[in-house]
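Below is one structure, written out as structure tokens; comments come after it.
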Amino acid sequence: MIIASANDYREAARRRVPPFMFHYADGGSFSERTLARNVSDLADLALRQRVLKDMSQLNTEIELFGEKLAMPIVLAPVGALGMYARRGEVQAAQAAENKGLPFTLSTVSVCPIEEVTPAIKRPMWYQLYVLKDRGFMKSVLERAKAAGCSTLVFTVDMPTPGARYRDLHSGMSGKYKEIRRVLQAMTHPRWAWDVGINGKPHTLGNVSGYTGKSVGLDDYAVWLADNFDPSISWKDLEWIRDFWDGPMVIKGILDVEDAKDAVRFGADGIVVSNHGGRQLDGALSSAKALPSIADAVKGEIKILADSGIRNGLDVVRMIALGADATLIGRAFVYALSAAGRAGVENMLDIFRKEMHVAMTLTSNARISDINRDALVDLTKI
């Protein structure tokens with residue numbers, strides 16, 4: 001099929017990977033209303049076209065936490081990437097590095113830290129959940145430091161897992177999930193060969209390295225559910241702040257007061273995020289939450305945003321709303337699923353071209369030039 005956008009990669013991914021894996025990435029929680037609003041609320045923001053400005057020196061580069069980024073995009077932490085393409089975390093990290101961007105490794109990755117970092121020269125970011133097993137948290141932080149990871153992304157919006165009904169329908173969870181997955185793999189032979197056979201081991205590499213025993217896909221949801229800590233508070237994060245030498249980013253902020261707490265805590269950055277609509281259905285979209293948060297803490301802390309970004313125009317919209325940079329998740333997972341590293345690299349090229357068009361036609365030659373004057377809220381016209 002012809003690939004022209006992230007939406008095309010979504011369709012290509014739907015065809016290539018088994019339903020239980022596709023819908024795990026594609027779906028949200030409960031009725032998926034927040035998942036839908038993440039996209040629609042961005043689409044409701046028209047870009048204000050301005051003309052006859054000199055755009056010959058247009059530049060998408062930024063600096064973030066001492067790193068140069070070719071554009072204000074970071075590949076977000078996504079669990080089990082190695083189930084979408086053979087050793088998927090390695091391929092995604094290499095694609096990001098080749099395009100001048102950071103890659104964030106998830107706590108629940110298939111490939112462990114020690115497999116991904118030797119495959120790239122650029123320091124990657126590492127994502128950590130709040131878990132009951134503090135021994136695991138300390139161990140994996142030590143491993144991340146030893147491997148040269150530059151930035152810690154601390155996810156705080158999962159004290160309990162969201163109810164993802166689509167997973168019950170797809171075979172990711174629920175009754176007879178094992179046999180359903182086998183049958184699905186049989187009808188997706190390219191995935192079965194590339195990932196199912198040649199992509200082994202299918203374990204949570206970072207977790208298995210700590211426990212000393214294999215923690216596989218069937219153990220994934222159980223391990224997470226058993227280890228999420230609903231008692232967590234800001235005080236519990238203090239030892240992590242003291243232990244980690246580099247920048248620390250708090251991911252999962254949707255409220256102004258929480259953003260202010262992050263500043264008081266001493267975080268270097270926040271991610272305005274509703275976990276891609278995968279946690280609290282009914283929560284604000286990131287596009288709706290971002291402006292008030294930016295008004296409250298911009299300049300005191302770096303603001304990143306995710307959830308709902310499907311193209312380069314959406315990146316420009318998030319920057320205009322007050323973000324310093326963005327994270328993208330589903331868009332690169334679709335591309336990775338469809339075409340591996342080459343797919344992710346091509347998708348990032350598409351995003352860059354879309355950003356160039358948007359910046360040129362809104363007369364913003366630098367990322368720092370973009371502000372809310374570039375937007376028109378269609379719901380208020």
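Cβ atoms here come from the backbone N, Cα and C positions, even for glycine.
Mean model confidence of the domain 'FMN hydroxy acid dehydrogenase' (1-380) amounts to 94 (pLDDT, 0 to 100 scale). The domain 'FMN hydroxy acid dehydrogenase' feature in Swiss-Prot is assigned to 1-380.
Residues or ranges marked as substrate binding site in Swiss-Prot: Tyr24, Tyr129, Arg164, Arg278. Same-chain residues at least 6 positions away in sequence with a Cβ under 8 Å from that of Arg278 (substrate binding site) are, in sequence order, Gly27, Gly28, Ser29, Leu35, Gly162, Arg164.
For Ser106, Gln127, Thr155, Lys251, 306-330, the entry in Swiss-Prot reads FMN binding site. DSSP assigns Asp314 (FMN binding site) to a helix.
Taken from Swiss-Prot, the feature active site, proton acceptor applies to His275, supported by sequence analysis. For the recorded site, His275 (active site, proton acceptor), the DSSP three-state label reads helix.
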Quick check: of the binding-site residues listed here (Ser106, Gly322, Thr326, Arg330), which one has the Cα closest to that of Tyr24 (substrate binding site)?
Arg330
Gly322 (FMN binding site) to Tyr129 (substrate binding site) - Cα separation in whole Å:
26
Going along the chain, which residues six or more apart from His275 (active site, proton acceptor) have their CB under 8 A from its CB?
Thr155, Asp157, Met158, Gly162, Gly252, Ser307
Between Asp306 (FMN binding site) and Tyr129 (substrate binding site), find the distance joining the two CA atoms and give it rounded to the nearest Å.
17
Cα of Tyr129 (substrate binding site) to Cα of Asp314 (FMN binding site): how many Å, rounded?
27
